[in-house]
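One structure below.
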Amino acid sequence: MADILDLAATNLLSPVILSFVLGLAAALGRSDLSVPEAAAKALSIYLLFAIGFKGGAAVAANGLDGTLVATLVAGFVLSAILPFIAFLLLQVLTNLSRVDAAAVAGHYGSISIVTFVAASSVLEGRAISSEGYMVAVAAVMEAPAILSALWLVSTGGSGRRMDSELMREILLNGSIVLLVGSFFIGAITGDDGLEAISSFIVAPFTGVLCLFLLDMGLVAGRGLRESRGVLNMGAVAFGIAMPIIGSFIGLGAALIVGLSPGGVALLMVLSASASYIAVPAAMRVALPEANPSVYLTLSLGVTFPFNLTIGIPLYVAVSQAVTGG
Amino acid sequence: MADILDLAATNLLSPVILSFVLGLAAALGRSDLSVPEAAAKALSIYLLFAIGFKGGAAVAANGLDGTLVATLVAGFVLSAILPFIAFLLLQVLTNLSRVDAAAVAGHYGSISIVTFVAASSVLEGRAISSEGYMVAVAAVMEAPAILSALWLVSTGGSGRRMDSELMREILLNGSIVLLVGSFFIGAITGDDGLEAISSFIVAPFTGVLCLFLLDMGLVAGRGLRESRGVLNMGAVAFGIAMPIIGSFIGLGAALIVGLSPGGVALLMVLSASASYIAVPAAMRVALPEANPSVYLTLSLGVTFPFNLTIGIPLYVAVSQAVTGG
Amino acid sequence: MADILDLAATNLLSPVILSFVLGLAAALGRSDLSVPEAAAKALSIYLLFAIGFKGGAAVAANGLDGTLVATLVAGFVLSAILPFIAFLLLQVLTNLSRVDAAAVAGHYGSISIVTFVAASSVLEGRAISSEGYMVAVAAVMEAPAILSALWLVSTGGSGRRMDSELMREILLNGSIVLLVGSFFIGAITGDDGLEAISSFIVAPFTGVLCLFLLDMGLVAGRGLRESRGVLNMGAVAFGIAMPIIGSFIGLGAALIVGLSPGGVALLMVLSASASYIAVPAAMRVALPEANPSVYLTLSLGVTFPFNLTIGIPLYVAVSQAVTGG
Amino acid sequence: MQTHHAKRVVITIEAIMQKRLTDTLEGAGVTGYSILPVLGGSGRSGAWSREGQISRASGMVQVVCIIREERLDGLLEAAFEVVDKHIGVVTITDVEVLRAERF
Amino acid sequence: MQTHHAKRVVITIEAIMQKRLTDTLEGAGVTGYSILPVLGGSGRSGAWSREGQISRASGMVQVVCIIREERLDGLLEAAFEVVDKHIGVVTITDVEVLRAERF
Amino acid sequence: MQTHHAKRVVITIEAIMQKRLTDTLEGAGVTGYSILPVLGGSGRSGAWSREGQISRASGMVQVVCIIREERLDGLLEAAFEVVDKHIGVVTITDVEVLRAERF
Ligand SMILES: Nc1ncnc2c1ncn2[C@@H]1O[C@H](COP(=O)(O)O)[C@@H](O)[C@H]1O
Ligand SMILES: Nc1ncnc2c1ncn2[C@@H]1O[C@H](COP(=O)(O)O)[C@@H](O)[C@H]1O
Ligand SMILES: Nc1ncnc2c1ncn2[C@@H]1O[C@H](COP(=O)(O)O)[C@@H](O)[C@H]1O
Ligand code: NA
Ligand code: NA
Ligand code: NA
């Protein structure tokens, strides 16, 4: 327990988290501070490229152990199943319409790559190593949840929502392609490749993450401000309970698969995190009648800050305690 | 004297200043070289974040001495008083209308954070240390001058200009929030924080400053080209005399407060520099009838290049001579 | 030969080339991955600034040898003459109209600075040094080819195309100004300057190049996808034959001038590469009736990838073999 | 100068639906359009601004078509199919165009 | 298809005044508008371009409102109040809209 | 409110021709215009999008002029001279403007 608090404190007082808090505060205080759209997108390209590449290079350095396939499967299953649990929880805690609840549920099965990146950098800071292929697991977990969400709606009787074009868009969305692509580049070029570009993707990484989270704080804060009143207490409770539940389901899966302590923590983080890029985009196309304020505010305004500040140290501490790592 | 010339030469032949000159020349030669708006804004976010953070980390490392509050007060007073001196000087040297003169005066009481950044990097290059909290002083000096300028106009009889919305906008403008916010992040996370992100905010800093000043040169050059004929000799004389006068008033204040040689130089620079971001924005809202070409051309086209090339080495040399630093 | 294959393999499996391949694959697979326009432009500003500066600093370090002027003249002549050879080859291999053929020919006389940058970084990786002033040669080779192309059209009877305004635009286009300007900054500030900003322009250079080539791959891929059917086999053959022919003419010139092995390779690369920035812009103004899909697809979709993957290692190996370097 | 009657249709729609819309328009025989960015706005579903977005889902664009009057109905029906369930505004204005041979 | 008469009001104004303008419009009962970026322009106060600006003060935007005819005067008066002392152009066009139930 | 008749001319043209066009317009006595960005589009020469461009040659912009009716022909002739050989669309709409003293 003391360990968790200590970890939480270290985490909360890191430049990365404080940058997020600064952005949040600036937006809530209605400052006109803003990061240009193009710059924010450039930062996210950098982060995806760096995290994918480093994962691939780690795989090249350590080789693949037998758990790779099992972990990918676990990720796929987690992503597909978590929406059902989220849907049930939403029906208990909120009075969202079936469509809105399904849309929200889809977000919680999928993942937030920024939460993953932040967790990786916490692990790194504490010198806890993890399986390099976890970034591939992250990629695998993006999409299945979307199908589950649409299935939840269609059993409610609204007909086909998914066409092959949308399917292609989801599977080939920019983040997945970049993450997986740079993972392979890292795996192919290995240590030599990493050395060639490490002063670009390793050394300044944490600093870039600060600026990115500054922007995320601004976005989350503006979202919260604009959608005041959209969420009632039940919804907020869901936004905090669901990641914890998800993380424990992820913990179970990780233990079955047999990941390292760092890998366990990351699978917990992936299960706990909620998408706010890929899934909202798919939902606008497939479920235009679902209210974007609801799922964006929950995912970005409640669960993302929770995971960033309290969730990540919690999951890391639990994984350390459970695995004895 | 030889010292000043030497310092000026070193300064003039640094990559930072030459990048500015390149931008200026390209714009005056009507090259289509340009830095995208979003990139320029991203660069300025980087610079503000880095300079604020480093200031805060310096405070964390060295502790606060008793001069902090005194210097903040001095900055506030300087910013509030300098517009009156500028206004008088403008009435002697130019035939600007009362409104235009007041608008210009407001710019010279406030500060240019880029000039401050450039001066900091000159000090660093010469290993002259300064009080870390000078960035907080810079933030304090942004706004008071605006009130003085509006007061100058309203005594001329044009009624209320300032509303609480504008007040909030000025005090919470993005640059101030980012500068002060990152200052606190630096102060809270201290040496650990600095170490975590120094390969982002320290190592590449001077290089980023080059690209930023390239863009500033382009902007200043285009401004000069487009507003040819807007300024007569009197106005140009003001644009060079005022920073020198301001720097000496700043010198007096700094000596009273008892700053270190580096701190003295920086307070001189702040007093000498003229705003071209916060104040123009406020003036467009509060004094729409003032001519933006006049105040932008003076501040950005005359005073900024003067300070960058001649002013900074001059102020540093004077502060060295006076403090024996 | 084994050497060439080895070099080609090392080159093909570098992060830089694989990033290009990733972009190409993403675009051909219709992923929505994209780099914002402003970010791409910012990356290219960085690359031009860095490559120019390093060239200038190299000249400052090594002094100028007598070959500078001869190489500049050689570059000028190559750029002016290559379009005629390209034009003849196009008439043999394709049935493009005279205007289209002239427009394409102009592209192949001029140069691609990104190809030059990629080649420089291959040379660096193999510790082959080259004349720092080759970036100035690159700048000189941008424009003459445009005049040759317009001359080729006007002898076909279409009247004057070139006005002084267009001339000015071509000579002062942003890339040339930035490249030459930063070359001079590097030459003036020398080793001191380089040291001050090397953690910005040297250390992260290869990494930035990766992201830039990711974007180039995306652009080339989208171009290829959208202009499917624009090029027949003859045109594609031209897009591969012409750089090889060009490189050998460049080789001849380099040997006459007496460049170092690295310099020989770079002049071959410059001669082999085709413009896709400066020349297309000039052609839209001066030859609006020429079809942009033809010249852009050839230059960017065929010749650029060819040079990047196979051409560069080929030219480097040939130059090594011929000069015994 | 000689000008010709035509209609200018402006469809304000979510960026993510842009490709679906223009594909549909092309299917309905529309041969030309331009896409303009929208920085932000407000409507029944509240206010938004592009700077506060992290997702490609949330921006909007304007698709502008200049079209001969006789083709207007085909265009509107095709557009309506896409816009129907989605947020978005469709407006039609009379315009004169130079160079009608291009339409 | 069934369309409805409306007015399209375009207000070109400094970006820094945008929030004040849209707040005023909302106060006057305008329920929908879109913001379009302006890259540059020229007018009585000379030429400018967004690329040459370092300050949020200097860009311009277009605020576009589709509005029922009967609410036009209210909108124009509200807009005029803000635009009055500031640079800016206000134009009004007749348009037809689909889905008038949205206005 | 009191409004005045005017014409709104929109010229969609390659970004690289923008300066030539606006210089020509100024030569023809046009005193005001605004430049709007175009993100992409499609026409006789195929589809394009700004994100897929690396070259300043390939983007397009809209030049918008509000102009008194009596100056329209001068403007169109001047514009046509530039647009003639280049790709681009020119449309004219009737508008009402506030503050006609500015034109
Ligand atoms: N009356 C209107 N005039 C102009 N743009 C509008 C109008 N109504 C809606 N819009 C635009 O369409 C978007 C979605 O509108 P809505 O579906 O009403 O939320 C808004 O954010 C605006 O950008
Ligand atoms: N006649 C016009 N047509 C289109 N835009 C205009 C016109 N006049 C002014 N503008 C726009 O409004 C801005 C300010 O105009 P002004 O107040 O006349 O300086 C210009 O920079 C243009 O962007
Ligand atoms: N009918 C149209 N409506 C709107 N924009 C058009 C139209 N035709 C062409 N454009 C725009 O003008 C550009 C060039 O057209 P074109 O010369 O036909 O290739 C297109 O890419 C569009 O951006
Ligand atoms: Na999840
Ligand atoms: Na000052
Ligand atoms: Na060439």
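For all residues, glycine too, the Cβ spot is worked out from N, Cα and C.
In TrEMBL, annotation is done automatically, which means it is predicted and not curated.
Marked as transmembrane segment by TrEMBL: A:12-31 (among others).
If you look at the transmembrane segment (A:43-61), the same-chain residues 6 or more away from its ends with a CB under 8 A from one of its CBs are 35, 113-114, 116-117, 120, 131-136, 175, 178-191, 193-194, 197, 200-202, 205, 208-209, 211-212, 215. Summarising the annotation, TrEMBL assigns transmembrane segment to A:43-61 (among others).
Annotation comment: TrEMBL describes A:67-90 (among others) as transmembrane segment.
Below 8 angstroms of C-beta separation, residues 11, 16, 44, 47-48, 51, 78-84, 86-87, 90, 96, 129-130, 134-135, 138, 141-146, 148-150, 152-153, 156, 175, 179, 205-206, 209, 212-213, 216, 238, 242-243, 246, 262, 265-266, 269-270, 272-280, 282-283, 287, 290-291, 294-295, 298-299, 303-304, 307-308, 311-313, 315-316 of the same chain, each at least six residues beyond the ends of the transmembrane segment (A:102-123), sit close to that stretch. Here TrEMBL flags A:102-123 (among others) as transmembrane segment.
Counting only same-chain residues 6+ beyond the ends of the transmembrane segment (A:135-158), those with a CB under 8 A from a CB of the stretch are 51-52, 55-56, 68, 71-72, 74-76, 78-84, 87, 98-99, 101-103, 105-111, 113, 116, 170-171, 173, 175-176, 179-180, 183, 266-267, 270, 275, 278-279, 282-283, 286-287. As annotated by TrEMBL, transmembrane segment applies to A:135-158 (among others).
The feature transmembrane segment is assigned by TrEMBL to A:170-190 (among others).
The transmembrane segment annotation in TrEMBL covers A:196-218 (among others).
Using a Cβ-Cβ cut-off under 8 Å and counting only residues 6 or more beyond its ends in the same chain, the transmembrane segment (A:230-257) has close neighbours at 67, 70-71, 74, 77-78, 81-82, 85-86, 89-90, 93-96, 104, 108, 263-264, 267-274, 291, 293-294, 297-299, 301-303, 306-307, 311, 314-315, 318-319, 322-323. Positions annotated as transmembrane segment by TrEMBL: A:230-257 (among others).
TrEMBL lists A:263-282 (among others) with the feature transmembrane segment.
Per TrEMBL, transmembrane segment is recorded for A:294-318 (among others).
Most Cβ pairs under 8 A with the transmembrane segment (A:12-31) among the ranges A:67-90, A:170-190, A:196-218, A:263-282, A:294-318 are made by A:196-218.
Within the chain, the transmembrane segment (A:170-190) has long-range Cβ neighbours (under 8 A, six or more residues past its boundaries) at 44-45, 48-61, 113, 133, 135-136, 138-139, 142-143, 146, 196, 277-278, 281-282.
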